[in-house]
Protein chains: 2
Amino acid sequence: MTFFLSTRDAGFAADFAQLLSMKREEAEDVDQAVAAIIADVRARGDAALLELTARFDRMALTAERLAFSDDEIEAEIARVSTEDRAALELAAARIRDYHLRQLPEDASWTDAAGATLGWRWTPVSAAGLYVPGGLASYPSSVLMNAIPAKVAGVSRLVVTCPTPGGVVNPLVLLAARIAGVDAVYRVGGAQAVAALAYGTATIAPVDKITGPGNAYVAAAKRRVFGRVGIDMIAGPSEVLVIADGDNDPDWVALDLLSQAEHDESAQAILITTDAGFGQAVAAAVEARLQMLERRAIAGASWRDNGAVIVVRDLDEAADLANRIAAEHLEIMVAEPEALAAKIPHAGAIFLGAWTPEAIGDYVGGPNHVLPTARSARFSSGLNVLDFMKKTTMARMTPEALRAIGPSAERLAVSESLQAHGLSVRARLDRLNG
Amino acid sequence: MTFFLSTRDAGFAADFAQLLSMKREEAEDVDQAVAAIIADVRARGDAALLELTARFDRMALTAERLAFSDDEIEAEIARVSTEDRAALELAAARIRDYHLRQLPEDASWTDAAGATLGWRWTPVSAAGLYVPGGLASYPSSVLMNAIPAKVAGVSRLVVTCPTPGGVVNPLVLLAARIAGVDAVYRVGGAQAVAALAYGTATIAPVDKITGPGNAYVAAAKRRVFGRVGIDMIAGPSEVLVIADGDNDPDWVALDLLSQAEHDESAQAILITTDAGFGQAVAAAVEARLQMLERRAIAGASWRDNGAVIVVRDLDEAADLANRIAAEHLEIMVAEPEALAAKIPHAGAIFLGAWTPEAIGDYVGGPNHVLPTARSARFSSGLNVLDFMKKTTMARMTPEALRAIGPSAERLAVSESLQAHGLSVRARLDRLNG
């Protein structure tokens, strides 16, 4: 049953703690199977990839056909309607514009001691983007992963996407084309992640792997972490709406259901200062649920994980929101910026009644790959920096070394690292001698 | 035997590949033991912590004595010499100055469609720093982890440090005091990581855990990743020196040995354009080795993992350096900046003969927690952003929604996410109706 809570209730603290700690998804333990698949791909390369693809995706491929050819891609994307193409292109342009502003700056300065210090940002050389097959094969996610990589300056960007029974979503191929992806490989699962991390004769290894996937893909990413960089391990999606009584309950209901329709384990929470409004939203959710094609999924999510919380005032709302640390936070109150300033912990914030979260999923510009399961307390949505790394730079002059070298030598000695100290001392002796 | 390679040798490609793929450290498999320790601390809290500390550190503690008291800290740091204190304070000031420049800026702009977009950086609320006990209990690492956290604005910063037999390094407590650490707990191992991630009655949970540790600590950090943020899982340290013949072989030898003395699995590599210089450095290494207290460790590292590579020119050196992607890179050639520009993949670069890597370990300013094992291809050294997270912000006006909403609706429909589309449509209908 959807939670109905009020901060005025005696049992609120315990109920809210239960809501926070609720485990919405049982992690399937596929780690041993994934370890075997990775070992197989490392040992046998393409041969393993082809066998596993035949088994899991019922696809008889050859190494030559692992990648879609240009002709195949052209033929598939020719099936996309003009309207869908225009929508994807608008989304791509807006996502690119937003992420271009994230490009970081290098720095270099000379300090009072005469030391020149700074840092330099550079892109990873190659990145691989995992795109799920079937129903969850979202072209918007291709844009959200690929565009930050291209903006960062990644030289080689490839996609792996399973095509069970040979079926591919033409919009996924179009999105990859629009985003500037270099190659799309018809492989999925842990075997695709293994190929991206270790390389095969056909698929060159990459340095960073991003993108969503099922339990096998998640377990494989965790296993190759360190060999390559990965993005976060995403959990079920969630939205928190903070709304006062001056809102249309139907709009809020649809925003909650936008989250709920993703997955039975998704979570949609409303915090409101107006108990009557909360009831109206709950009624609107029930009404809208009847009309949805995905009502079984959305209904289960709302019933099992949904919540309406009535608070005394917006300060209480901010306090609870910080504890929830939601992936998506909609703020539908008179002064949304003022309330947002009190809520540091959220993945993405949507301000005002005219900003449904769905805008952010597609065309707003910010990324829709966001920290779930309260990890917004310590992590950020996917961004350009995820595809770059920073190298620190230092240059001493003889004078700088004379000024700060003795302290380095002293600390090295205190840590019993004699050669560290001697490497400084040998240079100081030259200066002094 | 130390590798002696030349790019002119017929077998160079294979030898270099072997050097790159060499496994320098066997990962100890402690995962099951660590899982049990974490489960115990989650279930029994302080009681488990105290029992495990009694067993592993031979320390009979009570919950009240888990944290060092102010009096205990004062008594310990009173033992530090004036000179050591001054060196630590100089290091702290320089590290703070460098990291202050890393503070990121928020952004907000309104685009042509009328959408206001941007992002906001905020610190994690609480961070925990793991400090090893015994010989590897480095005060410099306390500064390198704690200062970026404080610069980021972390409100609560705690240290855990095992004190086997009750022994603590006074310099570690002084470094924690100088860096502004709020509390130091006498616990270590996987149990300390579990306490930081899940909390006990005495130790409140944190959002991010950083700092080096043994195999148990590393396995525990991997396990709690997701529940909290962690920094990288560090491997054995490494240095690459690129030097032409116009250098003092003894300086280069000491720089190589600075790395080698850390650990038998550390790696020190010299790339030089001058074969005779390479021989002279190797001879200097042997000579200096005789004098080192840690000659057993440094000698084993140099013998098993060390290398001297002779190249035809600096372009070859840059190419090899990018493949090595070293944690520390020293460039001792006539124009070090020009060569550095050709080497995107390195954790930290030290430019010119007057910049020994040991300066960076202590007083240079940049961080000494750096990506090992070729991970500089995709990751950065510890920095202020590791203790912050970015929240994206978006606000639509009715006009902005009218301009871009239809494309969002169209893409939602194409992905069969009906409620997403309806949440936009309901608002557009209000505008139009």
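Along the chain as shown, residues are numbered 1 onward.
Positions of Cβ are set from backbone N, Cα and C atoms, glycine also.
Taken from TrEMBL, the feature active site, proton acceptor applies to B:Glu327 (among others). B:Glu327 (active site, proton acceptor) falls outside any helix or strand according to DSSP and counts as coil. Just so you know, the Cβ of B:Glu327 (active site, proton acceptor) picks up 29 other Cβ atoms within 10 Å once every protein chain is counted.
Look at TrEMBL and you will find B:His328 (among others) tagged as active site, proton acceptor.
DSSP classifies B:Asn214 (NAD(+) binding site) as coil under the three-state reduction. Within the same chain, residues at least 6 positions away in sequence whose Cβ sits under 8 Å from that of B:Asn214 (NAD(+) binding site) are B:Pro132, B:Gly189. Annotation source TrEMBL lists NAD(+) binding site at B:Tyr130, B:Gln191, B:Asn214.
Residues or ranges marked as substrate binding site by TrEMBL: B:Ser237, B:Gln259, B:His262, B:His328, B:Asp361, B:Glu415, B:His420. Taking a C-beta cut-off of under 8 angstroms and a sequence separation of 6 or more, B:His262 (substrate binding site) has the following same-chain neighbours: B:Pro236, B:Ser237, B:Ile297, B:Ser301.
The Cβ neighbour count for B:His420 (substrate binding site), using a 10 Å radius and every protein chain shown, is 29. In the three-state DSSP scheme, B:His420 (substrate binding site) falls into the helix class. Per TrEMBL, Zn(2+) binding site is recorded for B:Gln259, B:His262, B:Asp361, B:His420.
You'll find the Cα of B:His420 (substrate binding site) roughly 45 Å from the Cα of B:Gln191 (NAD(+) binding site). Within the same chain, the residues at least 6 positions away from B:His328 (active site, proton acceptor) whose Cβ sits under 8 Å from its Cβ are B:Ser237, B:Glu238, B:Val239, B:Leu240, B:Gln259, B:Ala346, B:Gly347, B:Ala348, B:Phe350, B:Glu357, B:Gly360, B:Leu370, listed in sequence order. Nearest neighbour of B:Glu327 (active site, proton acceptor) by Cα distance, taken over the binding-site residues B:Gln191, B:Asp361, B:Glu415: B:Asp361.
Within 10 Å of its Cβ, the residue among the binding-site residues B:Tyr130, B:Gln191, B:Gln259, B:Glu415 with the fewest other Cβ atoms is B:Glu415. Here the Cα atom of B:Gln191 (NAD(+) binding site) is found 28 Å from that of B:Asp361 (substrate binding site).
Each of the recorded positions B:Tyr130, B:His328, B:Glu415 was checked for a CB under 8 angstroms from a CB of chain A; the ones meeting this are B:Glu415. Rounded to the nearest whole angstrom, the C-alpha distance between B:Tyr130 (NAD(+) binding site) and B:Glu415 (substrate binding site) is 45. Shown in sequence order, B:Pro132, B:Thr160, B:Pro162, B:Gly188, B:Gly189, B:Ala190, B:Ala192, B:Val193, B:Gly213, B:Tyr216, B:Val217, B:Ala220 are the same-chain residues outside B:Tyr130, B:Gln191, B:Asn214 whose Cβ sits within 8 Å of the Cβ centre of the NAD(+) site.
Of all the Cβ atoms in the protein chains shown, 25 others lie within 10 Å of the Cβ of B:Ser237 (substrate binding site). Annotation for B:Asp361 (substrate binding site): same-chain Cβ neighbours under 8 Å, separated by at least 6 residues, are B:Ser140, B:Ser258, B:His368.
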